[in-house]
Structure formats: structure tokens, C-alpha cells
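What TrEMBL annotates here:
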ACT_SITE  His186  active site, proton donor
BINDING   His190, His226, Asp227, Asp336  Zn(2+) 1 binding site
DOMAIN    110-432  domain 'PDEase'
SIGNAL    1-19  signal peptide
Amino acid sequence: MGIALIWSIALILIKWITSKRRGAISYDSSDQTALYIRMLGDVRVRSRAGFETERRGSHPYIDFRILHSHSEIEISLSARNIRRLLSFQRYLRSSRFFRGVNAQNSLYILDDGYNGQAKCMLEKVGNWNFDIFLFDRLTNGNSLVSLTFHLLSHNGLIDHFQLDMVKLRRFLVMVQEDYHSQNPYHNAVHAADVTQAMYCYLKEPKLAKSFTPWDVLLGLIAAATHDLDHPGVNQSFLIKTNHYLATLYKNTSVLENHHWRSAVGLLRESGLFAHMSAEDRQRMESQLGFIILATDISRQNEYLSQFRTHLDRGELCLENSAHRHFILQMALKCADICNPCRTWELSKQWSEKVTEEFFYQGDVERKCNLDLSPLCDRLTSNIANIQIGFITYLVEPLFVEWARFSNTRLSQTMLGHVGLNKASWKGMLQERSSSEEADPAFDDTD
Ligand SMILES: *[C@@H]1O[C@H](CO)[C@@H](O)[C@H](O)[C@H]1NC(C)=O
Ligand SMILES: *[C@@H]1O[C@H](CO)[C@@H](O)[C@H](O)[C@H]1NC(C)=O
Ligand SMILES: [Zn+2]
């Protein structure tokens, strides 16, 4: 009882500390000549004695400046910035302290402390109506850890691969913390949602009967880590601002490569697979990359036409591991963009979050005199338009093929929701334009 309380307090403290520390991107608008953009997310010095991390090969902290004039690089570390840096290091140190303690004992917090209601929800974790937002509240913001742990354990993967529970907890806690909780959309709840969707797809008869425990483990870990350390802006923003990740990954699948390499870093740091052969570890890491890299939305057409070709020729054979892994790629792609396939109540919340994140990027671009990315301008885009385009050009084409592959009740349910949700957004758009017509303020004939 006493110890559970202490750990609950420790967990709250950790959340508070990390929330102070993790700015996706913050900029100091008080300086007119140089906008100071800093990514605090990509930071961690977490080792306790003896286990040094080279995770992401990143520097203790990263900052980059965007100059209005392209002439000279002006480094203006205001007193405020220095203060911020110092306090940041203080948080870092204390969080490192808690982290070690937390990881060893998180079994207590997450098992005893957590609400019976959350446990109850997990009984229906394979249900397409699963409300991840509610689950996240019931687990006190630990949806990704709780859900993934449950799925691995419930499906016998912990036993099968003889995973060490403490290492697994530590790995999952690190994964969850490496998502930026300040991102409106690309945060740990999105990762938990994608993991839940992935699980629903893995349960589909075609997959369930041919997938090995290895494939299931791979699929769930890929889902949980697929957006790890996402900065809340997209690749074109990183390229425009000369971010080091764009250089590192030569402008191609910059974010996806980073998510994958971050996941590999955490796997190594946690030692989760340390008991496996070097060959298996290597195989896990590269297959993880193979699947996560498929979530690059700018390459959707390539994947989709491959999928169509396979389906047209009826040549997918799930006895073949290459084909199973291709299906894992497609399943993760579906899980990643399945928001419009959920009920309106859930789907609408996701739409609001993603729009907020896009508009935030647009605001930064406007502030920095960069070209505004399409969809990111709150003055010209709106949530309904964005959703209609997203559904028409990305979601429907993908899920139509998925339903050809796996023609089940779930696939029909998902397509049903997509249709209804698209109609709702269209209805809202019409209402909006007719009310604008009726509103004298918009009447320019006066
Ligand atoms: C990445 O894109 C930027 C901006 O278009 C360009 O300056 C840079 O040379 C590109 N880098 C590589 C490796 O292609
Ligand atoms: C991100 O970048 C692409 C350009 O590669 C752009 O078309 C897109 O609209 C941008 N913004 C968002 C929110 O995706
Ligand atoms: Zn994602």
C-alpha cells in the first residue's frame, strides 16, 4: 500500500519533469532578428553507472536558428535562454535519478496502482471501438506501456521469447517517454492507437493463421515505436530549416529513419533482446526498419501499386516470410492512417489533433518567413477540407485494397465508418458555406 503510493507519486513527478523538458519545438519570439528554435525532445543522457547510451547519436541538446537575413549566423543566447538551459539540465539530472528507480520498480505502479476500469477495458482490446483516449486517462497517461505490455503478455510472447519483464517494462517506459507529449497528434497516444489497430489486424483470420510469434512481436513493436521522437513537424520543414536529421538521412524518409534508429537505440539500451543470438537481434532490427520505413506517406503509391499487383495476380502466399512481412508493412500503414475508419466520436478527435499540429507548423513557418506548407495554413485550410482530401486520396484507396486482401467484417466496418465520416465532413463544409452566404458580413455585394 505504502510503496504503491510512493511509486505513484514518483511517476507523477517523472511526468512533470519530462513535460517540462520535452519541448517539441519551441521558439523565442522575443528576438526579432533570430528566431530561436530548439528541439528538446531529442535529448537524453540517461545512463546510470556503466550503461552509456549512444542513442540516436544525438547531442545533449539541439538547437537551430533561422535567420531572417541570410547573411551571418548570429548566436544570441539571451539570459532567458541560459536560464532555460540550466534548468533543463537540472531536470535532466533529476529525471535520470528517477528513471533508474522507476524502471526497476514500474511493475508496482503499473500493476497494482492502475485502475480496475483500465484492466476491464483491456478485455476488449481487440474491439474496433476501443476508446484509446479513455484508456489513456484511466492509466494516467500510460496507455502505450499498459497496452503494449498487455498485448505481449496476453499473446504469450513474453513466455515464448523468454523476455525479462523488468527489461520489457523499462523498454516500454522509455518508448513512451520518447514520444513528445506536447505534440497534439504525434504523441504516445497515437502510438498506442496504432498498436491497438495493428493488433486488430493481426487477429484477422488470414494473418492469425499464418503469422508466427516472431511476426506478431515484430508487428507490435514496430507499431509501438513507429513515430518515436517525432518532432511534430514534417520532413519538408526539417529540410527547409537544415535540420541535422535531414542531412543525416539525405532528405529521404528522414523522420521514418529517425523513428527506426531511435527504436533500435532503445532496444539495445534496454537489453530486451540481449539473450537472443546476435543474428536474431540483427534480424529484428533490420526487419523493424523494413516495416517502419513503409509508413512514409509520400511513398504510399509505390506500396499500394505493389499491393494491387499482388492481389490482381493472386500471388500472396503467407507461408512465405517475405510476403508476410510485406503484409506487416501494409498492416502498419493501415493502422497508421486508420483514424477515419474509427467511429465519428473517435475519428473527430484525431482530426482535431492532427489539424492543430499542422497549423502549429504553419504558424512557425509564417513566423520564420518560410514558405507555408500545404495544409498547414490556418488562414486558408480547414479541418473538413483536410479530412476530405486525406480520406479521398490516401485512406480510401488503401483500405479498399486491404478489404480485397482481408474481406472480413472488420474491413467492412472500417469502410463503413470512412464513408460516414467523409459524409459528415462534407456536410459540415456545406453548412459552413451556406451560413457564410447567408451572413451579411460575407456579402461583398453589400
Ligand atoms: C537536401 O535538400 C536541401 C534543400 O533542398 C539541399 O540543399 C540539400 O543539398 C539536400 N541534401 C541532399 C543530401 O540531397
Ligand atoms: C509536409 O510536407 C509536404 C511536402 O513534402 C507537404 O505537401 C505537406 O502538406 C506538408 N505538411 C503536412 C502537414 O503534411
Ligand atoms: Zn504515425
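Placed from the backbone N, Cα and C atoms, the Cβ positions cover glycine too.
The structure, with features from TrEMBL marked on it.
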{"residue": "His186", "record": "active site, proton donor", "DSSP class": "coil"}
{"residue": "His226", "record": "Zn(2+) 1 binding site", "DSSP class": "coil"}
{"residue": "Asp336", "record": "Zn(2+) 1 binding site", "DSSP class": "helix"}
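Same-chain residues with CB within 8 A of the center of the His190, His226, Asp227, Asp336 CB atoms, the Zn(2+) 1 site residues themselves not counted, are His186, Ala191, Val194, Ala223, His230, His259, Thr295, Ala335. The Cα of the residue listed as 'active site, proton donor' lies closest to that of Asp227, out of the binding-site residues His226, Asp227, Asp336. In the predicted structure, the domain 'PDEase' (110-432) carries a mean pLDDT of 96. Sorting the recorded positions His186, His190, His226 by the number of other Cβ atoms within 10 Å puts His226 first. Neighbour counts of Cβ atoms within 10 Å were compared across the binding-site residues Asp227, Asp336; the minimum falls on Asp336.
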